[in-house]
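The structure appears right after this line, and notes come after that.
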Amino acid sequence: MADLRKRVQNKGTDLDTETENEGANQDSDANLDLDSEDDKSLGKKLDLSSTIPSGTDKAPEMLDATLSALPPRWRNWVIRGIFTWVMIFGFALMIYAGPLALMLVVLAVQVKCFAEIINIGYAVYKIHGLPWFRSLSWYFLITSNYFFYGESLVDYFGVVDNRTEFLRALVKYHRFISFSLYIGGFVWFVLSLVKRYYMKQFSLFAWTHVALLIVVTQSYLIIRNIFQGLIWFIVPVSMIVCNDVMAYMFGFFFGRTPLIKLSPKKTWEGFIGGGFATVLFGLMISYVLCQYPFFVCPIEFNEELGRMTLDCEPSPLYRPQEYSVPASLAPVVRMITGKNTVMIIPFLFHSLSMSVFSSVIGPFGGFFASGFKRAFKIKDFGDIIPGHGGIMDRFDCQYLMATFVNVYISSFIRMDSPQKLLQQIYSLKPELQLELFTALRDSLTARGILQLTAP
């Protein structure tokens, strides 16, 4: 730049003047942050701690007055305990209300978590006044939900959707419609770019998409887990709750050894104690839930009743099976049961896997959230839950667990259901459906499974 300016001063040629102007424009673009109007008006670094509300120290006025005589540590313990039980009771009511209520709650939680994450982005980059950005963030959320939840509806209710021409078209072109909606938002974003705010707008564009990846994708996986049976939702969620509560309790009363710098209050005593408690709790709640078809039956749409049902003959996965024990344990087992075998519900083995993951890996979702909050020097994501913080503060580990459960089901449990196969068949042209029917009939007849009678 200095050479260019010197050449302009010495030679004064038109070419050099144009070069200098071009260099000046590049220099201006390279220092957008320094020249932007909002930075000049602020004049100092944004204090997020005063912008993002904190909920761990918040309590209703009446409760706060009642507990005012307690030391801060015990005051927080009581408030946290009260609202933990409130949330547990609310969770039980949602389960009682059925799968549709649970799905709606998952959607509501997703929206609130997305709002809490996005609000931090707005506070960091101070772009509240930029054109359309808030609207774009919510537009992308709606578009993402249309794609993911539409995929679930196509998979589980495609047989019903194909009854009407309008729904059949939505099923057939669902992905193309979703892509078109996203492209519309993409073009909208490009048209909304403001010259002096390019860096900030692209940063928040990336911020929005990371939030969508963390929140929307995981909530979609939770919905898919629910369709496999309520037990695949209740047990993992309860394990995370148990681990969180028991780790807090063990850490509160016995914690001495720091666990990780990201969360100074986390201790090894709480981590280990919460892990053992979670394994025991997971086995117990799994055993109880396996006794009821309401919890273990996959959610399917009953065409005769015209609604979702949870009525089936429980699969062997949820019924006691006889297993041989290792030779080293055979004498002990024989003394107790009189034989070398034991009766165990197979789901308990899967429950053990989930409890180990929720105890060992699950807390890292919380550590990740702690690092995120420390990066922006905030205490909580929000203040909607007294003693706990925001919704994201309570569901950071749940999203990680949801992904594991979905991958676990896909890898070790789930097989294609007849309903899903029917959906794929109904999407074929009539002549292909007839060809498939003929081939299947001939195969079943040749294997003696289907007996055809002469007309």
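Using N, Cα and C of the backbone, Cβ positions are placed for all residues, glycine too.
Noted in TrEMBL for the protein shown:
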- 1-53: region 'Disordered' (REGION)
- 77-96: transmembrane segment (TRANSMEM)
- 136-153: transmembrane segment (TRANSMEM)
- 173-192: transmembrane segment (TRANSMEM)
- 204-223: transmembrane segment (TRANSMEM)
- 229-255: transmembrane segment (TRANSMEM)
- 267-289: transmembrane segment (TRANSMEM)
- 344-369: transmembrane segment (TRANSMEM)
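The recorded stretches the transmembrane segment (77-96) and the transmembrane segment (229-255) share 3+ CB pairs below 8 A when only pairs 6 or more apart in sequence are counted, and are therefore in contact. When Cβ distances are compared across the two stretches, the transmembrane segment (344-369) makes no contact with the transmembrane segment (204-223), since fewer than 3 pairs at least 6 residues apart fall below 8 angstroms. Counting same-chain residues at least six beyond the ends of the transmembrane segment (204-223), those with a Cβ under 8 angstroms from any Cβ of the stretch are 103, 106-107, 109-110, 113-114, 117-118, 121-122, 125, 127, 133, 136-137, 140-141, 144-145, 148-149, 151-152, 189, 233, 398-400, 402-403, 405-406.
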